[in-house]
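What Swiss-Prot says about this protein:
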type	residues	note
CARBOHYD	ASN29	N-linked glycosylation site
CARBOHYD	ASN57	N-linked glycosylation site
CARBOHYD	ASN70	N-linked glycosylation site
CARBOHYD	ASN75	N-linked glycosylation site
Amino acid sequence: MASLTSLIFVSIVTAAHGQTVVSIPLGHNYTLIGPPITSEVIWAKLGSVDYFDIICNKTKPIIVTCNIQNLTLINVSKVYSGYYYGYDRYSSQYRNYLVRVTQLKTTKMPNMAKIRSDDNSLETFTSPTTPDEKNIPDSMIAIVAAVAVVMALIIICMLLYACRYKKFHPKKQDLLLRLNI
């Protein structure tokens, strides 16, 4: 049994790149096609209690039917999600499946009374008004205040630079820096 476990584990690791992803709607049946056979295909579900579980002889928690090559999943539920690995006992042929169980999306016809009431609400709809002085958003006030502060800082920096330049360079006569401060 240990050699069979190691054979399956090594085969799965090498075959991980060749898996087929299958999405099965909840409650449907689906047949996983096994590899070409020389004797009989053994199917295992990975991630079970013993890391893998040979599933053709089991009845719980999943119900399946097996023939010599294929595995049919019956009345699929969320328990069926996982990795399925089918391999031929006497050759190196295998198939690897990732089964995902999906919920069917059903469309529901809308209620006609609700549609009529929605039509009435469209008739009474009014367009939004422009913001007045009472409805100015706080973000707009913050942006205007930030711009005013930055402009004041730039003006203060320019004045300080002009005063410092005149103090340290008294002999230079720059037309822009003729301030009598």
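Even glycines carry a Cβ here, placed using N, Cα and C.
Long-range Cβ contacts of ASN29 (N-linked glycosylation site) within its own chain (separation 6+, distance under 8 Å): THR72, LEU73, ILE74, ASN75, VAL76.
Taking a C-beta cut-off of under 8 angstroms and a sequence separation of 6 or more, ASN70 (N-linked glycosylation site) has the following same-chain neighbours: THR31, LEU32, ILE33, GLY34, VAL41. For ASN75 (N-linked glycosylation site), the Cβ neighbour count at a 10 Å cut-off comes to 11, with all displayed protein chains included. Secondary structure at ASN75 (N-linked glycosylation site), as computed by DSSP, is coil.
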